[in-house]
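As structure tokens, the structure follows; a few thoughts come after it.
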């Protein structure tokens, strides 16, 4: 009986306690799993916090450069010594030189160097930071302008060509790409054999020498140019940098920097376009000295043509030059050449007048004109500038009053006379030189020698003085 009671009790306990034990062990295992996963999560969070603590979040450049903490409307070191601003220039090209406007156009890179401790920032690698044009409006920069400039602009393709570089110690580099058109006070007294000295002047607009000291950063090496820079009308002989002071009665003394360059003009273009045509016109006017003085149309037309051509050359040269009130070298040459051409016309006027006077005197004595020159009537030169037969044409152009006799002789002319006239004209070519020499006026004879000699002496003197 007792044994049966014990067996029933054990069975009841087994049925009651075993599920609870299994549930407790399951809960313990689940708790262990949860605690291990939570530990992993906690470790991950701790690791992430450590990573976040080691990372440096990027700051805005305004915060890094303390832009909001300083007043950049004032220059660095305000109230103390003037801020030094170094300048260097790299000339890219001289685009044009205009004599009419007396200016030049130049494209170059302008670089400024100064120190502003307000822009210093911590840097373990000691690396500089580079910015574009957007930072320029928020910090202090030198206010450099170009004296005597007419037009200037900063290139903006594809963005504004401005570079700002800030170093950790506060040193700043500002670089600009600029094109400037400025005045060049030219002296044309030796044009086109001239040499022009031009300069581009840089100066601070607001800050005088008490606030800003402008200087060349690397001395004479601060000015550099492209190796193969050339111009169509000029040789670029020299580039140099210099400095000085400028005084204004209302504001005081200012530092000023100069970019000086020397230009020597190419002469070959003007030799071909101006000097050589002028020489040809003068020489062409001498041809009239070798034309018979009776050839009035030939000599007059030749003289007028050369005079008008010289006037055209002078007008063309003056149109491309400024209206200066002094005499230029090219003006001297062209006006002297025009004077020689004009003298050749005056020379023939004198020859023609003296010839007429002599003919009238001779006509009063003998009643004939052609005999005073001792010319065969067959080869005489008539007043219209053409050769005529003696028996027919000379009687037509003479001052004989017997016109009826002339008409009678002309009407009875036979065909054989025409053939004989043609033969005589063919043989006339060999006697032209003798005819011209025998019928020269003394003025023509001397002009053939004096005009070339004097013009050659003038050229020697001209080129010796101006070249």
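Please read every residue number as a count from 1 along the shown chain.
The backbone N, Cα and C atoms fix where each Cβ goes, glycine too.
TrEMBL does not curate its annotations; it predicts them automatically.
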Task: Segment assigned the feature transmembrane segment in TrEMBL (from 243-266, 267-290, 363-386) - done: 267-290
- [ ] Scan 202-221, 222-241, 302-321 against TrEMBL and say which stretch is down as transmembrane segment.
- [x] 302-321
Task: Stretch carrying transmembrane segment according to TrEMBL (options 333-355, 402-424, 425-447) - done: 333-355
Open item on the list: Within the domain 'Neurotransmitter-gated ion-channel transmembrane' (274-371), count helix residues (DSSP H, G, I), strand residues (E, B) and coil residues, in that order.
Closed with: 81 helix, 0 strand, 17 coil
Open item on the list: Are there residues at least six beyond either end of the transmembrane segment (302-321) with Cβ under 8 Å to its Cβ atoms? List them, or say none.
Closed with: 99-100, 188, 191, 274, 277-278, 281-282, 284-285, 287-288, 291, 328, 330-331, 334-335, 337-338, 341-342, 344-345, 348
